[in-house]
Amino acid sequence: MSGTDENDFEATYAVEMHCESCTNDIQKCLKDVNGIKNVTFDIKDNLMNVEGHAAPSAIINALKNCGRDGIIRGTGKPNSAAVSILGQYTTGPFENTVKGLVRIVEVAQKKTFFDINLNGVEKPGLYYASVRASGDLSEGVKSTGDPIYKFDQPIDCTSPSDSIPNSFSGSSFVSAPVHVWELIGRSFVVTTDPEHNVNKDNDISFGGVIARSAGIWENDKEVCACSGKTLWQERKDAIQHNIRF
């Protein structure tokens with residue numbers, strides 16, 4: 001294992017495995033993912049721990065390409081992780097549908113990674129992300145206030161979606177000099193407008209409230225107390241709602 005640096009964090013994933021042969025196969029699946037420094041397995045509990053600075057979505061995609069599925073169970077230290085489910089608040093065939101997910105993890109003082117994944121957007125092109133002052137979505141993204149942080153790197157959404165016909169997908173793994181605690185309760189917004197203006201009727205925008213998520217080893221439930229469904233049953237439901245990571 002290489003030495004750690006300030007960009008590294010740990011993440012745990014639920015991955016079905018039965019023996020050492022399974023773990024060897026998973027290692028092969030992940031060998032081309034940039035940023036992985038160490039991988040360990042708990043076969044009994046079907047858990048994989050990854051250390052490094054690889055985007056969690058890149059790890060999930062690598063497993064998918066090998067015919068396996070993975071569920072993120074926790075990232076980073078306690079109180080250092082967050083998530084935002086991005087919905088579209090417009091009229092038409094794409095009304096109020098999930099368009100993506102952002103996983104957020106703080107790795108160092110004033111350094112936080114954002115793993116942004118979009119899927120099912122109807123217009124191909126570049127999309128621009130920002131953190132907004134408010135988490136008020138009563139009027140969709142128009143009521144989220146001014147940006148408190150704008151990401152310079154756009155998200156290229158020109159790849160055809162592999163799950164939603166006639167739509168496109170894209171991803172970006174970026175960092176910002178912010179703390180996770182500063183973001184909780186605010187909103188994450190993505191728009192086609194390069195000036196991050198969400199009030200133009202001819203632009204496409206979507207967003208979601210930023211909420212805390214589990215840190216590493218903080219989420220060990222196997223059955224949801226609310227629905228009674230297993231972890232993998234919940235996973236299938238999430239995918240049906242376009243929540244893939």
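Every residue number used here counts from 1 along the chain in the order it is shown.
Each Cβ is built from the backbone N, Cα and C atoms, and glycine gets one as well.
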Recorded disulfide partner - CYS29, candidates CYS66, CYS157, CYS224, source Swiss-Prot: CYS66
Segment-level pLDDT (mean, integer) for the domain 'HMA' (8-71): 93
CYS22 (Cu cation 1 binding site) versus CYS66 (disulfide bond) - Cα distance in angstrom: 12
Three-state composition of the domain 'HMA' (8-71), taking helix and strand from DSSP: 21 helix, 20 strand, 23 coil
Other CB atoms within 10 A, centred on CYS22 (Cu cation 1 binding site): 16
CB contacts for CYS66 (disulfide bond) [other CB atoms within 10 A, all chains]: 13
